[in-house]
Amino acid sequence: MSHPYQCVLHCHQAGQVESGILVFASGPYIHTLSAQNGRYLSTWPSLENTTQTRSTGQNNGNGLEVAQLKSSPQDDSERPSKRQKLSPARDESCSSSAEIVVARDSDNGESSNSQQPLNPPVIKLAGTSAGQHVIAVTGEDKCIRVFDLAATGILTQLSERQDTMPKRPCAIILTPDDSTILCADKFGDVYSLPLVGQVFETATFNGIDANNTSRTSDQKHKQKPFAPSATSLTVHTKGNREALRQQQNIKNLKAEKKVSNLDHKLLLGHVSLLTDVACVTLASPSHKPRNYILSSDRDEHIRISRGVPQAHIIEGYCLGHTEFITKLCVPTVYPHLLISGGGDDYLILWDWPAGRMLQQLDLKSLVANLRNTKLGAGKLFKGSAKVKDAETEVDIAPRICVSNIQALEIYTELSGHPRVEIIVTCEGVPALFTFTLGMNAQMQFSASIHTESNVIDVTILPNQSSVIYSMDTCHQAFSTDASADTGKQGPRSLVGSLIYDTDSKTWEENQALQANLVAATRECADSQLHVPQAGAAKGKSLRELLYGLESLRKRGSENETDV
Amino acid sequence: MTAAGKRQKREDYRKTHKEEGNAELPKKKFYRQRAHANPFSDHRLTYPASPALMDWSSHYPAFVAPDTQSVAKDHAVVKPLTKPVTVADIGCGFGGLLVALSPLLPDELILGLEIRTQVTEYVEDRISALRSQYADRSPRLYQNISCLRANTMKFLPNFFTRGQLSHIFLCFPDPHFKARKHKARIVSGTLCAEYAYVLRPGGCVYTITDVEELGEWMRSRFEAFGNSGVGGEDEGGETGEGRTEGMFETIELPEEGKEGEWVDEGGQKGLVAMLVRCIREETEEGKKVTRNGGKRFVSVFRRREDPAWPDEI
């Protein structure tokens, strides 16, 4: 059983004639493949001698520099810092598939042999527009890694920022000039980080130059002894008074620990879990470019802020969603338009500089139609028609959750204005939904493209008018929890690719690429079988990795009076 | 008394209170609720998807625009008011400030926002009792105040548009003493952005607390906002490059007990002095501080104009 690709990304390197490189994240591994012919290129961390590279990587990355970083703001006598929540190597979650159980057993054996556990799974991938760098986020350890992407597809880790992020990153993008990473987190804050940070270099000089500011403020903080900010005048209840009396008796209480903020800057924040960010450049009245940051959250807001360095100024909001938002998409050729989706039954097309809703596009009925035609036919084989009816009635209700929205520009020879194909995927739905966005800022549904398995992630290949998508082979189509019985269906492919035919204006399978991609992914999967997969998600954790967005939906809380 | 018995008693009280034409002021003891609410939890809030969809007519019936058709917007029927809400008391508690502000700002619509259901209900009952008490003597009094349940840390932009408010009151907010809980404070570097958004240039934020450390915290956050950054000193904020002026300027305030002289001077200064006296003396917590002989730490910040875009400089 091979691990599905939870993230796919296409990087096109400026100046290269070839169509760039595809970057696939499979559990803790990152594979690179050629976008030109689908050939397998490389894997990070290296598969042949994983444990060895891991340990040397530890020495380079953590042993020297990171250790110094860690030790400087912390004192030995202080309280131990909060333990990271890492999922145990032994996965307790139930899995009904025999293959998964077997895989887990063998993993346990191997992981106990090798003391070096792998990284947690990658949750986000981002690439610079120049295609030179790839940024990978692993969720459980809140680590942001920046890689150099060579034309040969080999990834070289440039930096690993583990302790900088206070909360788990939820979305990661780059500013249009490729110099800065914007990272939105679970706590609602957006931070900026330099893409190529000097943090580790300066830290080795004992933090004399670049870290001066944070260090002095750190010392200043230390010099001030802790004093409770409450007084007998501000607390009144018996319990609180007692707590205050105890605090006042403690003489040498250390000051509260400061979060080290060596290279990340807080730009803006919502009081809600952030789900996506976008960075857009518009022409100003003075014809100079203006940057904006768009951020979406779980509480139905899309905020429009000015770009760095004025990100603290809110220009407006796009309000109209009634459920959590998961994805923002701004087409490059129409930068004043925004397509957003999430837990609502529809997508919204916005004129975002004006905060105006232009269109609502129904998505739920598209999913329901597809489900009825595909699943209805399939169930006839299984049981009686009655069961099918009852089940489909229940099945019509499920809510949808948009997992990805991508825009692909289609240039036709006749007109200078490109059409934009919008590709939308939903969690646990084996389909790509395509819409056409024209010059008149009107969006129209064009097709539902049924796929073999649930689509997980999708990326576009602009210069080939193609899309590449990854699929979930572990679960049944239309289901996010039922394991797939592979025995009946035979091997399913992990990836698929489509190409847009400008003549017929339809999407077709990109056959040339597809065959090579499937072969290459088999190659990846086969080589992966021989190495420890302690970091690979299974069972419940795999489900959370692949389908984590639906859990953002609010439940009506029952005991709300006492909160 | 058992919890169930207590709840029954509360329900009975409120039912009879409503039936009796609610001219009598409600009793606080039937509306008590724990003083702290978690601003990060979802609760079960009702809020408009956008400010345009907010129906204010039930809150300010005396200000519903006459002779206008109800505007249907996205399936919701909204009756427009003659004027927008311009004053917000965030965390209004039992509504002491609202009641005091009503005659002081007769031409403004004042809204109290409170996260606790029981307390919100108390303020609603209190306002409706006051309205019926004064219906004969001065029918305009207390028509310009109202209260609703909201989590403003999350949903302030759902109620107010850009630059809609002239005054924001943040009176005796939950101090959240632990550093781990500082993100839950009503004033933070990132929330200043939302206050700046809903406040018109020239509008003011009034803060008062009896916790000195919190007072300093709020002052440093507002003063640093847009200047040394969003975060303030210990939040890893963006450091300013070439910007010296923040988005808020701290206003000089009269000493306690001397507000009267300033009020007599009139003008903007007099208005601020009048409102400062109001938050010192009229808020429920302010009265409690007076009773206990505590201290009050007041700061007022005036919002500046938005700075020019980098391309305009």
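A Cβ is built for glycine as well, from the same backbone N, Cα and C atoms used for every other residue.
These features come from TrEMBL:
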REGION    B:1-26  region 'Disordered'
COMPBIAS  B:9-26  compositional bias 'Basic and acidic residues'
BINDING   B:G91, B:E114, B:I115, B:N151, B:T152, B:C171, B:T283, B:E284, B:E285  S-adenosyl-L-methionine binding site
ACT_SITE  B:D174  active site
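Take the Cα of B:D174 (active site) and measure to each of the binding-site residues B:G91, B:I115, B:T152, B:T283, B:E285: the nearest one is B:G91. The local packing around B:G91 (S-adenosyl-L-methionine binding site), expressed as other Cβ atoms within 10 Å of its Cβ over all shown chains, amounts to 21. All protein chains included, B:T283 (S-adenosyl-L-methionine binding site) registers 25 other Cβ atoms within 10 Å of its own Cβ. Taking all protein chains in view, 21 other C-beta atoms sit within 10 angstroms of the C-beta of B:E285 (S-adenosyl-L-methionine binding site).
The recorded positions in question are B:I115, B:T152, B:D174, and the one with the fewest Cβ neighbours inside 10 Å is B:D174. Counting residues per DSSP class in helix, strand and coil order gives 11 helix, 0 strand, 7 coil for the compositional bias 'Basic and acidic residues' (B:9-26).
DSSP assigns B:G91 (S-adenosyl-L-methionine binding site) to coil in the three-state reduction, placing it in neither a helix nor a strand. The record assigns B:G91, B:E114, B:I115, B:N151, B:T152, B:C171, B:T283, B:E284, B:E285 to the S-adenosyl-L-methionine site; their largest pairwise CA distance measures 20 Å.
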